[in-house]
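S.K.: Below is a structure I'd like to ask you about.
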Amino acid sequence: MRELLLAVGEDPDRTGLRDTPARVARAYREMFAGLYEEPDHVLDRTFDESHQELVLVTDIPLYSCCEHHLVPFHGVAHVGYIPNSQGRVTGLSKLARLVDLYAKRPQVQERLTSQVADALMRKLQPRGAIVVIEAEHLCMAMRGIRKPGARTTTSAVRGMLQTSATSRAEAIELIRSRR
Ligand SMILES: Nc1nc2c(ncn2[C@@H]2O[C@H](COP(=O)(O)OP(=O)(O)OP(=O)(O)O)[C@@H](O)[C@H]2O)c(=O)[nH]1
């Protein structure tokens, strides 16, 4: 941190910046807490419910950090899956926990989207999964190209939500028509 401040021409001993290294370390440890957690544990607890159609949680608030600049990107995630024939479902909050865990790592939006979908497929073995993330990258808003308001949408679709156009269209329509 001291080197970083010197590199950008700041005096590390200046009043107000004296405590900065420890504070920044604490903040980044919190923002990157997902590096130290095992994603599969989030979905350890499941229960059987004879629901074999789409379960979709939309508008999960998302805060992450781009690994290129360590500058935040934020937006919402929509996460859905179709339980398998045993009807193995997970608590709805676990879908948000999964998003949170992967978001709390240095990320790129595409990888974050795929990681959530792949964890669902791995642990719940559902018939299909869909993850859509819409986010604004502050590295494109507050610096660089400076385009505030530009939003990036990424999707990861697995299983029958990938192979069945009807199932995929239903999920996408529900995401688009929310509110
Ligand atoms: N695909 C993708 N790109 C990202 C993401 N987050 C940041 N980026 C981009 O990563 C790129 C890094 O580009 P570089 O040329 O290495 O870095 P830079 O000189 O700071 O680029 P500028 O942002 O254009 O000033 C930029 O184009 C960012 O917009 C992300 O989640 N996904």
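Cβ atoms here come from the backbone N, Cα and C positions, even for glycine.
Nobody curates TrEMBL annotations by hand; they come from automatic prediction.
Annotation comment: TrEMBL describes 1-176 as domain 'GTP cyclohydrolase I'. Annotated Zn(2+) binding site per TrEMBL: C66, H69, C139, in sequence order.
Could you place the listed features in the three-dimensional structure?
M.R.: For the domain 'GTP cyclohydrolase I' (1-176), the model gives a mean pLDDT of 93.
Residues near C139 (Zn(2+) binding site) in space but far in sequence (CB under 8 A, at least 6 apart, same chain), listed by position: C66, H68, H69, V71, F73.
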